[in-house]
């Protein structure tokens, strides 16, 4: 009987160690990919702006803050968790180190969604309230939003000092309420999932709903204004309107100037919506299972929660690659060998465009000149014939 019990215990220990080994390998891979991706994104942003001789835009500034939050998540959250799993089931740090470790693990998990809300609020301010956006400083508002996000993350992570402790009997760094159902556990779990996942997702969704609504209304108003102008007869004649429209279609610079701003604005909105959606759906299984485990602890197992948390950890890996996918031109510019090569390519393209436009202009002038010469010849013929007729009239009269 004792041998059977010992065998069952050994089997459970071996199964637990294999699961821990899998978690260590997986989290190490996620940490490495997240570090490489976010560092590469920082290089792309700074290098592309350096090549194009531009300052970092407000949206890029907030994305840089998000990259820093993801880097801290990879180093502080995943890195310390890997070290803890390596020494499982013992924890060799002190009680204060246990509390501090759990605090720094939670800090990036609050900072990342708060920064996504800051990006959403910045886009709402720029598109839905453009006058207030241009009156305020271009970089002061994003800096204040980022500072508020970091400050809230620091404050809301403080309960970790009271929830976690190192137990003297087991020697583990675990929560004070354990695995059983507890009022403190339910309150803390619901508070974390509401503040770090649900509330930021709702705020970002509200901001982007207002942004999409404003874009749709502005396009509808522009169409209605054009229709009303046509009805009131404010446009020129049909021939003149067709001529102007044809010139606009032929003008490459006009098309680029009119579409560049709208394209960048829509692209930025799509980028941030994609990042917010990924954050919501990747953390949703972990947050829901965490709440279920707090309310009904007998249903789920702790290792099952660890496996579900795998999806949430992927968020720090996907964010930089989403930005790179939406800004492939920046990546190409950042990967140029030098600024000189990029400048030479730009000058070459500009020279080719200038040459083509100059050729077209010369052809245009030549055609106009040819038309004017033909018109002058016809006028000269008419004048000569008129002069001949006048001479003959004078001769007849004499």
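Glycine is treated like the rest: Cβ placed from N, Cα and C.
Over in Swiss-Prot, the protein carries these features:
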| type | residues | note |
| --- | --- | --- |
| TOPO_DOM | 1-25 | topological domain 'Extracellular' |
| CARBOHYD | 3 | N-linked glycosylation site |
| CARBOHYD | 7 | N-linked glycosylation site |
| TRANSMEM | 26-46 | transmembrane segment |
| TOPO_DOM | 47-58 | topological domain 'Cytoplasmic' |
| TRANSMEM | 59-79 | transmembrane segment |
| TOPO_DOM | 80-99 | topological domain 'Extracellular' |
| DISULFID | 98-173 | disulfide bond |
| TRANSMEM | 100-120 | transmembrane segment |
| TOPO_DOM | 121-143 | topological domain 'Cytoplasmic' |
| TRANSMEM | 144-164 | transmembrane segment |
| TOPO_DOM | 165-187 | topological domain 'Extracellular' |
| TRANSMEM | 188-208 | transmembrane segment |
| TOPO_DOM | 209-271 | topological domain 'Cytoplasmic' |
| TRANSMEM | 272-292 | transmembrane segment |
| TOPO_DOM | 293-302 | topological domain 'Extracellular' |
| TRANSMEM | 303-325 | transmembrane segment |
| TOPO_DOM | 326-398 | topological domain 'Cytoplasmic' |
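Among 100-120, 188-208, 272-292, 100-120 has the largest number of CB pairs under 8 A with the transmembrane segment (144-164). Its own atom aside, the Cβ of residue 98 (disulfide bond) has 21 Cβ atoms within 10 angstroms in the protein chains shown.
Same-chain neighbours of the transmembrane segment (26-46): 56, 60, 63-64, 67, 70-71, 73-75, 78-79, 81-82, 85, 310, 313-314, 316-317, 319-321, 323-324, 327, 330-331, 334, counting only residues six or more beyond its ends whose CB sits under 8 Å from a CB of the stretch. Counting same-chain residues at least six beyond the ends of the transmembrane segment (303-325), those with a Cβ under 8 angstroms from any Cβ of the stretch are 16, 19, 23, 26-27, 30, 33-34, 37-38, 40-41, 44, 63, 66-67, 70, 73-74, 78, 112, 271, 274-275, 278-279, 282-283, 285-286, 289-290, 293, 331. Mapped onto three states, the DSSP output places residue 173 (disulfide bond) in strand. Helix first, then strand, then coil: DSSP counts for the topological domain 'Extracellular' (80-99) stand at 12 helix, 0 strand, 8 coil. Long-range contacts of the topological domain 'Extracellular' (165-187) within the same chain, counting only residues at least 6 positions beyond its ends with a Cβ under 8 Å from a Cβ of the stretch, are 84, 89-91, 93-95, 98-99, 101-102, 294-297, 302. Remark: residue 173 (disulfide bond) has 84, 91, 93, 98, 101, 102, 164, 165, 166 as non-local neighbours, by Cβ distance under 8 Å and separation of at least 6 in sequence. Each residue of the topological domain 'Cytoplasmic' (47-58) gets a DSSP state, and the totals for helix, strand and coil are 6 helix, 0 strand, 6 coil. Sequence-distant contacts of the topological domain 'Cytoplasmic' (47-58) (same chain, at least 6 residues past either end, Cβ-Cβ under 8 Å): 64, 122, 126, 138-139, 141-142, 327, 330-331, 333-334, 336, 339, 342.
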